[in-house]
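Asks: My structure is below; once you've seen it, I'll send some questions.
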Amino acid sequence: MSIISTKYLLQDALANGYAVPAFNIHNAETIQAILEVCSEMRSPVILAGTPGTFKHIAQEEIYALCSAYSTTYNMPLALHLDHHESLDDIRRKVHAGVRSAMIDGSHFPFVENVKLVKSVVDFCHSQDCSVEAELGRLGGVEDDMSVDAENAFLTDPQEAKRFVELTGVDSLAVAIGTAHGLYSKTPKIDFQRLAEIREVVDIPLVLHGASDVPDEFVRRTIELGVTKVNVATELKIAFAGAVKAWFAENPQGNDPRYYMRVGMDAMKEVVRNKINVCGSENRISA
């Protein structure tokens, strides 16, 4: 088995009406927890690493770890660069073996965003690497990135059409009312806007900020054409909460093999639920 481009996973999801879950990874334990569930449920998966993750673990080490787990669990998987902002950074990681990258130019005006994304697409496509971009801007906090409500804005369907035509991007992250992190109240998802984007854009659409969004809302976005669902914050909260509870009960405990496993098991329950919501179980052929 091997590390593959997300293009192949998302094309199948688009053709068959489900979504591929993209889970953010932070260390070896989070990778293992995610893949234990995906292997058991035979779900395709995208392991997404932010720039912060690649500072914590070197790109060569993450790639080697994911490659080994792909063989261990007998399943293809995609290792994805999440919210990267420069061509040089993406180039280094693609040369290290990564075959899926998100270039985030959403903080730029439309023309500059197009120019940046097109430069990444031109390079990545020469390396069999798929490219995701974002149009519109999600609020909230992820990694070192913070966007307040005043600077967040939704995706315009006609701009999305032009953006895809001008860049040749493989998948598009759309802003339809979700945000990074947790919500203080139930998010207002603009399903009509998503439907209008789907009518004029024929590539896979990506839902960022899916943590803490009601399951029925996520399912509805998939019905309307979302084929990649990003989950980060819920995983971290489950892991950290379980470890904190373990130490509360075992104040003298100090063996990582015990408290890390507790965190992993809590994370696995979130992964299992998201696979069910995405409809991706048993989508990997035996």
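Just so you know, glycine gets a Cβ as well, placed from its N, Cα and C.
Here the structure is a predicted model, which means the values were calculated and not measured.
Straight out of TrEMBL:
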{"type": "ACT_SITE", "residues": "Asp82", "note": "active site, proton donor"}
{"type": "BINDING", "residues": "His83, His180, His208", "note": "Zn(2+) 1 binding site"}
{"type": "BINDING", "residues": "His83, His180, His208", "note": "Zn(2+) binding site"}
{"type": "BINDING", "residues": "Asp104, Glu134", "note": "Zn(2+) 2 binding site"}
{"type": "BINDING", "residues": "Gly181, Gly209, Ala210, Ser211, Asn230, Val231, Ala232, Thr233", "note": "dihydroxyacetone phosphate binding site"}
Asks: Which has the fewest other Cβ atoms within 10 Å: His83, His208, the binding-site residues listed?
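Replies: Result for the binding-site residues His83, His208: minimum number of other Cβ atoms within 10 Å at His83.
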Asks: Any idea what the Cα distance is from Asn230 (dihydroxyacetone phosphate binding site) over to His208 (Zn(2+) 1 binding site), rounded to a whole Å?
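Replies: Their Cα atoms are separated by 5 Å.
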Asks: Whole-number Å distance between the CA of the residue listed as 'active site, proton donor' and the CA of Asp104 (Zn(2+) 2 binding site)?
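Replies: Just about 8 Å between their Cα atoms.
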Asks: Fill in the CA-CA distance, Ala210 (dihydroxyacetone phosphate binding site) to Glu134 (Zn(2+) 2 binding site), as an integer in Å.
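Replies: Between the alpha carbons of Ala210 (dihydroxyacetone phosphate binding site) and Glu134 (Zn(2+) 2 binding site) there are 15 Å.
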Asks: Could you check what DSSP calls His83 (Zn(2+) 1 binding site) once collapsed to helix, strand or coil?
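Replies: Reduced to three states, the DSSP call for His83 (Zn(2+) 1 binding site) is strand.
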Asks: Which whole-number value in Å describes the distance between the Cα atoms of Glu134 (Zn(2+) 2 binding site) and His83 (Zn(2+) 1 binding site)?
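Replies: Rounded to the nearest whole number, the Cα-Cα distance is 9 Å.
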